[in-house]
Each structure stands twice: as structure tokens, then as C-alpha cells.
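Pulled from TrEMBL, these are the features on record:
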- Val116, Arg123, Tyr124, Ser274, Arg311, Pro543: acetyl-CoA binding site (BINDING)
- 158-233: domain 'Malate synthase G alpha-beta insertion' (DOMAIN)
- Arg338: active site, proton acceptor (ACT_SITE)
- Arg338, Glu430, Gly455, Phe456, Leu457, Asp458: glyoxylate binding site (BINDING)
- Glu430, Asp458: Mg(2+) binding site (BINDING)
- 593-674: domain 'Malate synthase C-terminal' (DOMAIN)
- Cys619: cysteine sulfenic acid (-SOH) (MOD_RES)
- Asp633: active site, proton donor (ACT_SITE)
- 718-739: region 'Disordered' (REGION)
Amino acid sequence: MTSHIQLDGISVDRDLHAFVNTEVLPETGVSPETFWTGVAGLVAEFGPKLRHALAQRDRLQTAIDNFLIGSSGTDMEIRTRFMREIGYVEETPAKFTVSTQNVDSEIGRVAGPQLVVPVNNARYALNAANARWGSLYDALYGTDALPQTPPFQMGESYNPLRGRIVVRRARLFLNETVPLLIGSHAEALSYYVQHGELHVKLECGRTSGLRHPTQFAGFNGPPGEPNTVLFDNRGLHIELRFDREHVVGKTDKAGIADIQIESALSTIMDCEDSVAAVDAQDKVQVYRNWLGLMRGTLTAQVPRNGRVSTRSLAPDRNYTTPNGAPLTLHGRSLMLVRTVGHHMFTDMVLDAEGQDAPEGVIDAAIVSAIGMHDLQRNGAFRNSRTGSIYLVRPKMHGSQEVALSDAIFAKVEDILSLPRNTLKMGIMDEERRTSCNLAGCIYSARERVFFINTGFLDRTGDEIHTCMKAGAVVRKGEMKTQPWIRAYEQRNVAIGLETGLMTGPRGHGQIGKGMWAMPDRMADMLEQKGAQLRAGASTAWVPSPTAATLHALHYHEVDVTAVQHEMTYHAPLPMEDLLSLPLAQGAHWSEEEIAAELDTNLQSILGYVVRWVDMGVGCSKVPDLNNVGLMEDRATLRISSQHVANWLMHGVVTQAQVEAALIRMARLVDEQNQDEPGYIPLATHQDGPAFMAARELVFDGARQPNGYTEEILHRRRREAKARHRRPEVAPSDVEFAAD
Ligand SMILES: CC(=O)SCCNC(=O)CCNC(=O)[C@H](O)C(C)(C)COP(=O)(O)OP(=O)(O)OC[C@H]1O[C@@H](n2cnc3c(N)ncnc32)[C@H](O)[C@@H]1OP(=O)(O)O
Ligand SMILES: O=CC(=O)O
Ligand SMILES: [Mg+2]
């Protein structure tokens, strides 16, 4: 631990203190004295309140455990009554609607993809911010969205046959989205602007306009031969780029070199589950990147093909409208920031008694102070044009915990002299107690809530943990077909619409849906992810910029506003459905099925944990047993570890089986990582912090509060960092035999 500076009522890590005073606060108008006195007040007030809230979580879980042990908890009516009696299910507030003001159009008015990125990875974070626009050609060419079989496969160099099917697919998209009055975009020879209208010369010799002329939004270059033409479909823009010299444009009848589409309307810069930040040093890196994004100064070196380029934030895009006026479109995703949850405490700040301070409180204060650079236009770019700072709050349990976040935000606004409700709150509906009390949760933040979002991965982990004592749960792959999850997703949308979170001209916020966790399976995503919009969502999470570009196609297909309008008549499914348990009653799994389930879970745990603990990587693409790369983060780890813990508790698997499978899967993970520089093999370092973390996560999993993984991960990562600093006890010195 580095040394701390004693301030009035708290002590603060020196590096953090210096970072805040010399990098964050200058030009905000907030003095270091005001800031740190404010933080001391926050810590003194909210430390005890948050500890009390965590104790309440534990009390409820203990009551549920005892109830489930005593009754097997299968009678719906009795269970629902019990959950109300203990205060797990709260009274629903009287009908209300949210009144959040000053939300940007990306949140309230236009439906589109939401990207998530670990903010401590500057290269990825910049890529994400710039993923507002993506090349449709690149996304189709570079993924499995189109067939990869010969002769259409990707190769070392450009394959013109693959290029042809890309162009055909993209023209189909144009015909469906911005159709011509006559003919097809596939027959276009040229596009030109005359008297404020777009004309398209066709192969047949005729000229067509657009079927909906108002979709023509702008252009660049000479009207008779524009360089770009811009379309607008439901607020989402599409840009045709013409260049008859370009490798693609010169083979295209109309000279189209690329089609760029608006992709990630918003991006969550994540300080939470995709990040491994265990001490002040790590946290300063997290905050510093957020600062660079808000000030527009962040850069990253990107090596490619033997050359290194510098990546920075993309500028806005300028066009001329059909009637000749200038038009500027945002060049970057609207940036939101996700803080850690209420259960996290950190020694980078200590309270008056020397106890760790609540990390979510420190996050709120620092990321908001950093957000002031955007509000005050201290950098070259603007993020929010409405003067808001968007904070996403994860893992809150029930309405009182949301009220705590609301109170923390209000205090931070006072410290920073920001107008009330400048800080907006995204509520992750990812804990069971929040799902049960969603209306109350929204009510607790009704003047600042800007989204509710079904974070289904954490939610599944919490589901397994809450019913840990009731019996063995279904296999992980079957979770998505369980009644609780259907009720969870449907109720979230129904309650969101009921409380006024629909997209529209005066929209207050979004209804979001969860992550696509198979970053390389884009064909499957194209097939399946549109369902989230048909179910009423106005945004849904994607793991990469390419996924954002392809998922954007769904928003052109599905009219979210119309879907939501139609759905406002649907009442939320009953609480009983939500409270049904994912138990595998009467399931008779074969030995092979049990072994396969165990291997799947342990391999994903080890594959993720080894990178987290030894390398400090918080989000990884881990190949599963079928070699499908899965996005693994702390929430997927929560599911896998709780699942193994549950099967252990109920005797589906034995400790010996788990021990043997851990070693088998460690060898597999080692093989998968053999080319990773600096990788420390798990199988030969079974007393190393990574392997030990994996063991603890399963063998002590049932005892982890709410099934969270952070305590074990953080402790083990700190141990690994300490070992790396002390080469005399480096893990490679304590090798185990492989067998
Ligand atoms: C339950 C939850 O909490 S979900 C939220 C947390 N999850 C996330 O944030 C997922 C974020 N996604 C990621 O971190 C990554 O996509 C991973 C780890 C899943 C896969 O990463 P990789 O294996 O490196 O991906 P891959 O090699 O296919 O692609 C790398 C390229 O894509 C870009 N990329 C990948 N993901 C992202 C992203 N989320 N944002 C921006 N760029 C990204 C990288 O910048 C890189 O491009 P570059 O070389 O031009 O810089
Ligand atoms: O945070 C997202 C989730 O799925 O959990
Ligand atoms: Mg989550």
C-alpha cells in the first residue's frame, strides 16, 4: 500500500490525491479543499449507511436460506407471501412517471446500440468512443455475417468475390431502409443533388428520387458529383462515400467506396465488471482515461502491419443540408460511465476510523468532477449537449439502495456546485430484489433516472445465489428458458413504459437489454438480437464496435417507437412468475452431461481468472470447450462460480470431481494461452494466486455475499501484484508437478 495523506476526516492515497489536485480539479472551479472536505463528508455519511444496507442484504439472504431449507420453497403463494413479509418484496408506489430533464437525444429520442468498454484500456476506449460511426462494408466483410466458405472467404489480401456479396448485402439494406421511388440502389450509376433533392441515375436510363424524400439529410462536395450523401432513418444516419479511385469504389457502378452507418449511439465507459482495478494505482489509471475522454486529450498508440498510428477522438461530421444550411453530426458516441457498486470498499481512501471507504462513493465524486470538463467545454469536443453527466449504477438491491445512490449524487452535486439532477442515473436491473421492486427503484431516482437495463448476466448469478439452499439449479444453458427470466425481461419493459421511459421526442430515458456475449458470432447476433427490440427495448448492449455496426441494422428494421406504443397496453407479468426458482426438479442428468457442465463452468472460470489475477485484465474473450470465444467478465464469472457451488452443495458433483476437473481444465486453459507473453501456467502453479482464486470461487462460492466474486479476485490480484514486485517469491519459483 502506498502512503496516505491525512486530511480532515479521511486519509487519501498520495497518488490519488496528487492526480485529483493536479489533473482533475484545475479548470473545474472546484478547489482541492472544497473537494476533499466534501469527500470526507460523503465517506462519513454514506460509509455507515452502505454498511447498513449490506447487512440488510445479508439478513434477507439468511431469512431466505432458512425458509428454503425449511419448506423447499416450492409453493408459489407461500413463497411470495414470505418474500413480502420479510420486506424483500416492497410495496409498489402509486402510479407515477419519471421527470428526468436535459437528456441527450441518444438517450431519450433515438433508439440505437449501446457499446460497453473497459475504460482503463485506452486503445479500446477510444475505439468505442469513435464507434458512433462504423463501416458497414468492413463489418460485413470482416465477420461471419456473410458466408466464409470458398470462394467467398476472407484471405490475406482483398477478395473481390467476398467484396461483391458485401456490396450486394449493403444495397439490399439501402433498398429496405432508404428505398428509391423506382428501381433499386443496386442499379444506381450516380447520385446527385439538384434543387435540394437527391436524384439517382439508374442503369435503365431513368432517374429516380427517394420514395421518402425527407430521408435525404445532407451531402458534401459538389452537388452534381457529391463526395458523400447522408440519409436519416428514424434519427439514425447512413452515409454513402463516393470515390471512383478507391479500390472498392472503382469497381462500383455508382463509385460507392463505403457505406458508413451510425452505430454505437452511446458507450458505457466501464469502471466496473470489465475492469480489474484493485488499488489506487489501478484506479488512477481508470480515472485518468475517463479524464482524457472528457477533455478530448486521450490518445493511444496502435501498432499494425509494422507501423504505429496514434488513435484519438474522432471529430464531428459536417454536411450541407438539402436546403443549403450547414449540418453538424456528432462524431463520437455519447459517453456514459459505470461506477462500481455499493458493496465495494477501497483502501485508497480511509475514513476517520481507518476503515476502507465506499468505492462507489469515491467513484461518483471523481468521475463527476471529471465530467465537469465536458460541461464547462474545457476540451476540444462536447459529450453531452444538454449539460448532463451520465452515471450507470450497477448491482443495487431494491429501492432504498437506489435512494442511497440518489442521495450520494445530490451530495456530489452540492460539493461540485452543479445544478440539482445534473448527474443522471442509469439503473441496472440486475439483482433480484431490484427486479421485484423495479417501480420503487425507478421512483427513488425519478428525477434523474435515464435508463433501466436488464443486465441479465449478473441477474442470473443473483438468481442462483438467492435460491442456493433450495436445490440444484438447471444447467447454465437452460437458464435463459426459465420462467423467471421471461418475467424479468417482460416486467422490466412493462414497468419502464408505465413509468415513462419510452423513446420519443420528449423522451426521458432508455429501456435497455443485455449483452451479446459471443463477439465473433455476428451471423447469430444478426439473427437473434433484433428480438430485444421487438420485446420493447430502445437499446441493447454490444461487446465491440463491429457488433455495434451490425446491431444498428436492427434499429432500421424495427420501429422501436411503434413497438413501445403497442406494448404500453401490456401489464407486467405477476410477481409469482418472477419469484419462480430455476430448480432442476426431477432432472436426470447422465454422467457425461454432469461432467460437461462442470468442465464448461470451470474452464470459463479458469480462463477468465488467470488473466484477471495474473495480468489485471478484467474482460476477456475466452474460448469455450467448442472453441467459441465467449466474452467473460465478472458477471459471467459470478454465474459459473455460483453454478458449481450450487451443484457441490446439492451433491450433483463431489469435491473430488471438482478438484480433478479443475486440474484438467487448467491444462486446457494453459494450452489455450501458450502463446500469451508472460503467461504463468495454472497447472504447474497450483498454489499461485490465480489457481487459488478459482478454487475459492467455487469451494467458498456459496458463502460469498450475493455470490459476488470481487472480494476473492481483488485479494488474489493484490497478492499477484505483490509477488511480481518481489521477484524472489515470483510464482515461477513454486512450481508443482503437472500430475
Ligand atoms: C455483464 C457485463 O457487465 S457486460 C459489460 C462488460 N463487457 C464489456 O465491456 C465487453 C467489452 N469487450 C471487450 O472487452 C472485448 O471485445 C473482448 C475482451 C470481449 C474481446 O476482445 P479481443 O479479444 O481483443 O477482441 P478482438 O481481437 O476480436 O478485437 C480487437 C479489436 O476490436 C476492438 N474492440 C473490441 N472490443 C471493443 C470494445 N468493447 N470497444 C472498443 N473497441 C473494441 C479493439 O480496439 C481492437 O481493435 P484495434 O486493434 O483497432 O484497437
Ligand atoms: O452488467 C451486465 C450484466 O449482464 O450483468
Ligand atoms: Mg452486471
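Keep in mind that glycine also has a Cβ here, set from the backbone N, Cα and C atoms.
Keep in mind that TrEMBL annotations are predicted by a computer and have not been checked by a curator.
Note that this is a predicted model, so its numbers are computed, not measured.
Reduced to three states, the DSSP call for Glu430 (glyoxylate binding site) is coil. Separating the Cα atoms of Phe456 (glyoxylate binding site) and Arg311 (acetyl-CoA binding site) is a whole-number distance of 33 Å. Between the alpha carbons (Cα) of Tyr124 (acetyl-CoA binding site) and Arg338 (active site, proton acceptor) lies a span of roughly 16 Å.
Highlighted in sequence order, Asp273, Pro394, Lys395, Met428, Asn453, Thr454, Arg459, Gly514, Met515, Ala635 have their Cβ within 8 Å of the centre of the Cβ atoms of Arg338, Glu430, Gly455, Phe456, Leu457, Asp458, the residues recorded for glyoxylate, and are not part of that set. Taking Arg338 (active site, proton acceptor) as the reference point, none of the recorded positions Arg311, Glu430, Gly455, Leu457, Asp633 has a C-alpha atom within 10 Å of its C-alpha. For Pro543 (acetyl-CoA binding site) paired with the residue listed as 'active site, proton donor', the C-alpha to C-alpha distance reads 11 Å. Using CA atoms as reference points, the recorded positions Val116, Ser274, Arg311, Asp633 were checked against Leu457 (glyoxylate binding site), and the closest is Asp633.
In this structure, Cys619 (cysteine sulfenic acid (-SOH)) belongs to neither helix nor strand by DSSP; it is coil. Residue pair Arg123 (acetyl-CoA binding site) / Glu430 (glyoxylate binding site) shows a Cα separation of 28 Å. All protein chains included, Arg123 (acetyl-CoA binding site) registers 15 other Cβ atoms within 10 Å of its own Cβ.
Residue counts for the domain 'Malate synthase G alpha-beta insertion' (158-233) by DSSP state, with H, G and I taken as helix and E and B as strand, are 24 helix, 28 strand, 24 coil. Of all the Cβ atoms in the protein chains shown, 20 others lie within 10 Å of the Cβ of Tyr124 (acetyl-CoA binding site). Mapped onto three states, the DSSP output places Arg123 (acetyl-CoA binding site) in helix.
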